[in-house]
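Here is the structure we will look at, set down as structure tokens.
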Amino acid sequence: MMEPIGNPDSIPLESLESVSPRAFELSFQNVSYCVKHKHDRTHSAILKNLSGSFRSGRLVGIMGPSGAGKSTLLNVLSGFKKSNVTGQLMVDGQRLSERRSRKIISYTQQEVCLWPALTVEESLRYAAEFKLSPTIDQHQKRARVRELLHVLGLTGCADTLAGSVSGGQAKRLSIGLELLSDPKVMLLDEPTSGLDTVAAYQVLAHVKQLAARGRVIVCVIHQPNSQQLLLIDDLYVLAKGRRIYSGPTGEMVTQFARFGLDCPVSHNPADYALEVASLDQEDDRLKRLMMEEEKDIFDYNPPRLMVEKSVDGSYQRYALSTLQQLRVLLRRTTSCTMRETYQFKARILINIAIAIITSVAFYNTGNNADRILANTAVLIINLYAIFFTSIVSAVLVYPRESACFVLESKNNWYSLRAYYLAKIVVELPTLILSSSVFFLIVYYFTAQPFEWLRIGTFALVCLMFGWISQMLGLLLGSLLSVQNSVFVSILIMVPASLFSGFFVPLRDASVLVRPLLYVSFVRYAFEGAVHAIYGFDRPDLDCPEVFCYFRQLKRFLQFVSMPDLAYGYDLLALAGWIVLLMGAVYLSLRRRIKQD
Ligand SMILES: Nc1ncnc2c1ncn2[C@@H]1O[C@H](COP(=O)(O)OP(=O)(O)OP(=O)(O)O)[C@@H](O)[C@H]1O
């Protein structure tokens, strides 16, 4: 059941205010956006030469039938969509730079992106930490969070996990997260969807108050009822990517009537606007209406009211320094990891289960010269277990997490650098713990030599290999959907395993396969593991039979084409892969922030 929403009239808005009440105007001119269809290489125009201006202090509603281009327009104005976009975005007639537009414009998308392991209140608190100046003390930050909880009607579910709240509550929470930073321009994509009419009215009323205090607030709104419509100062109506009305709400019906589109007295003007926007594009009245709107667009001359600086004030993008961002990110990620223990526990349990099965199958093979090939298989199984548990947990979780990161980063919560550092710091202990559990069990029960040098060198190879797998998982998770990442990880691992040097040793490899062996990170990990166990002048193995060819380990190392002194090179190659993949993850996240 929807809980009662706080009365916006009673909200002490002053404390949420910091913007200058000086008026400004956000305008856009000749904005077009087209998409390229990959299958037939044709283009479709989604937004067609749109212009308009939104004044501070007014609540603007963007309306239009489904598919008219409302969300696309917000994506373009927010800078979330950049490619194939033409046109200009201006504040007070001055072009906005990308950096400045990010600073002053916040965008709340239709899909909410929340951290499911944090409670509603914690989500707002972390947002306050990221977005409010560090000079504001904790007491004030908490007071703001409480105000917002009240404003958005979330007090009753303040302690509920964000992953468990209703759709409407999640929507309100995501608006609250952006409201905290007090942006000068707020673009809200369907802020009332998922709310009942009373709650929708109250949210709009609140948003209107925020606008009245000197902001531009633009909401995509589907079908406002007549009461909600009274709250909207200006309407911008779209039909198939073209503007059919832009101006005060109260004048829309008169404008339509001038073109023979008379709104019946009993009709809600918003419903009628949708009817008009849904008319056949060949309808003569609609054509004339559009021509009239577009005539205005071409005559449009943005007024030069004030310089841009009066709106922007400061160009600092983030409220916190990188170090401060890192600290908050670490706290948040640690809280989430400690609560979302299912994935971690599953990873540890799977490692233990595979370790026990492997130990039973290869019990005591470690010092037996007759079973040296079986023992070598233990080493490769060890690597596969680390690979699959690391990569699968990354690809399952990361697409969702990276989507939240992209949204928060685009809305200036923190920098990629801080996020990336925090991610690495948090991932490492998980990796060390889960990999160690596996290799210690297997190492002990398969009777590998109990020498610190060998344990250390073997552990180092396992960890470096685990880190490569983890980075590969993050890379796939940041580029692809969960489904595709799983398929692609299998596609990578099968050939990488084939060319590990175990199934096809270097000496038997054909000219075609040889280059693959040189680049396969599995081969370097396998080779490093073999050296850790059998290298470093290990004495001869036990031989339970009359004769064991591989009793002398030099013979075995020659047989598997592994020169004795190669451990250092193996580490170097693994380190190279780590650097490469870490760079690739960083670039892929950067690309995602920059792309649409
Ligand atoms: N990347 C894209 N590739 C192909 N078509 C696209 C792309 N982005 C948007 N479109 C198309 O552009 C049109 C406008 O989409 P948009 O999401 O802006 O509509 P909308 O008015 O917000 O609709 P709704 O109210 O249903 O959310 C739709 O027909 C959509 O299919």
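Just so you know, glycine gets a Cβ as well, placed from its N, Cα and C.
Annotated domain 'ABC transporter' per TrEMBL: 26-265, in sequence order. Marked as transmembrane segment by TrEMBL: 348-365, 377-398, 418-445, 457-480, 486-504, 566-589.
Contact between the transmembrane segment (348-365) and the transmembrane segment (418-445) holds: at least three of their C-beta pairs are under 8 Å, each pair 6 or more apart in sequence.
Sequence-distant contacts of the transmembrane segment (486-504) (same chain, at least 6 residues past either end, Cβ-Cβ under 8 Å): 376-377, 380, 383-384, 387-388, 391-392, 395-396, 472-473, 476, 480, 513, 516-517, 520-523, 525-527, 560-562. Nonlocal intrachain contacts for the transmembrane segment (418-445), taken as residues 6+ away from its ends with a CB within less than 8 angstroms of a stretch CB, comprise 322-323, 325-326, 329-330, 333-334, 337, 344, 347-348, 351-352, 354-356, 358-360, 362-364, 378, 382, 385-386, 389-390, 405, 409, 455, 458-459, 462-463, 466-467, 470, 474, 582, 585-586, 589. A mean pLDDT of 86 is what the model gives for the domain 'ABC transporter' (26-265).
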